[in-house]
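Notes follow once the structure below has been shown.
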């Protein structure tokens, strides 16, 4: 057995400083060896006589036992261990209310970034909302970070390697989730953290996350999606905090699948982890850790309950060509199939969002089958009409060759004919160092100039220049400590740190704000509300937080707890509900010229006045108005930090979802509101969004138009009047279903009825009038048929009277024929009137439809 303090060159020591004991297996000269490493002391190597699992495990156990690598209470009895715990508690300073020791950033006086290790395991997929483009998951997060104040020699405290303490006594990393819409703790937030003797703190939480996820539903229900969960500090730059994965991708995926709780519609495929760097206002670099969660839909339910029934309807339509019976039977069968597919289209409309990229294949599948059956229905009507015309021609020719039977044969021909018919470059301020005429025309431009100059001071084409490159590590650490004391953050001075910074100055405080839209979560037309995920950056002056950065190693920024400072009371006037996407950031960033910056991710539900007149070809402009809740315009002024064009570009670049709504632009204006007699400064952001209408056109507008075309074609149906009435009533019932769906979507409006409502209602009324006309025509045709039948019965009776003499029979026969001809003329008159009404109505009906659709199109598309 080897025993030396020199490390093996072939063995890579892990990055995690708290991993005390490690093992490795290797083969050398055809012999198997195991290495057990105690990174705080030395390593041991032993030959393995067997590669079985039992042998491999037993060697580390024996080595650890022989070398007294034991932890916690095994070196002490219970009494000694309890005393050691108390001593450690005092040794760490946890018995004191020392803010600097326990609650400030543990590496604040050190010369390198703090490495934050994170693991994220997906334990359940709770909900996938295709309409809102959001994913709700249950996750377990493990976070570990260094704390230089929490180190101890475990040999002095009964080998105690870990210690549990209240979380609120320590600095915790402000890790937020960029895509978060809503974050809730699965249970209560853990109030404790675990301290590790090497100067590391670990925390574990179970969260229910609702995050924005851009989903491509083109292959629904055979779709899979990759949703990101991006972890990023809200205040610390990459020079202060680095976020690193704790475990590799394979391990995270395996453990997530082992602990996965649900077996529903979605299957967890993999979790990939990558690091990235992002820029805040083009200058400050922030470290990001991106978890890419890949999920796949289980399609069996949709195949059985959706796709197969629609395909079966198509097969039935093909087989309907072999139906042996009257044409009206075939028409009734086909129109019932059309109504059935309409119901499936409505279900599909409720499931899938409208998308600007591609129409989902399942939508094309249903719409094409709907169109095919509709065309098949039109073909059936045309064929029946042509057959009836041919049959009528034969009957007319036959009638011409049989004198004296014209009335009877005409009546029979008419009856037979009737029986045969049936969806920045951000410009922080529009100024530059060479031309700042606009800068000095704006009130309080000096502050804007200083703010702009600071953001650009260390920014160039190569990126951010770290502060400590100007000093060595020791000097930079000392400068941080001196600045900490210079700003008075080591004291509990309420007036210096937490009162309004310009309370005793003679001008208003200028609050700079930027608002970026990263996701449109929901647009509720009925409630007239808009739910968005936004990122808000707020910058305000604090005259107490100034320093000469040349005296502190060119250090121009500093991060500190938010609760130490006065913060502006900026509220949102239109807000119905405001939630933090993740926990509110507990930190702010201080700038040397006396400015403080804060960044938050919010989920806003705001009231929005929507004009749905052009639905689904509508666009809306919703306002988010920022205003102080207490300070007047003489005390606080709110102005933009960057221009509208830059905010629009950045919002589009970070936009998370690709659902029904398209983000168009952000504009901002300054206004003044009044509360009683006080004037309050306001900054109004106007967010313009536009609906993607394709799915509504395919699933709502086109089916209604097809029903209208079918109603026009029904005028050439050859058959009894009841067959035509049944056909039209089925169309009317189908439109009624669409009207109910539309009623659930659109709100009642006192100003204008939405054009799609006018479209649906007008088609409904037109088909209703068409039904009334059909009833009238059928009544007239029936009257003519009754008179024709009476003439036939009279003729047959007279022919059977054999008791009269020959002369009398000839006279009676002559009189009967005369009466028959008179009644036949009356019958033909009723039939002729019915046909004139039918043809005239059809012409007027088509003209009305053309005029109506033309006027509707001009209103929908005025340009």
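Along the chain as shown, residues are numbered 1 onward.
Even glycines carry a Cβ here, placed using N, Cα and C.
Since the structure is predicted, the reported quantities are computational estimates derived from the model, not experimental observations.
Per TrEMBL, the stretch carrying the note transmembrane segment among 280-299, 300-319, 400-419 is 300-319. Ranges compared are 695-719, 720-744, 795-819, and TrEMBL records transmembrane segment for 695-719. Per TrEMBL, the listed range annotated as transmembrane segment is 361-386 (candidates: 205-230, 231-256, 361-386, 439-464). Ranges compared are 179-197, 331-349, 483-501, 502-520, and TrEMBL records transmembrane segment for 331-349. If one looks beyond the transmembrane segment (755-781) by at least 6 residues along the same chain, the residues whose Cβ comes under 8 Å of a Cβ in the stretch are 414, 418, 613-616, 696, 700-701, 704-705, 707-708, 711, 714, 721-722, 724-725, 728-729, 731-732, 735-736, 738-739, 742, 746, 830-831, 833-834, 837-838, 841, 845, 848-849, 852, 856, 859-860. Of the recorded ranges 104-299, 499-693, 700-787, the domain 'Neurotransmitter-gated ion-channel transmembrane' (308-390) has the largest number of C-beta contacts under 8 angstroms with 700-787.
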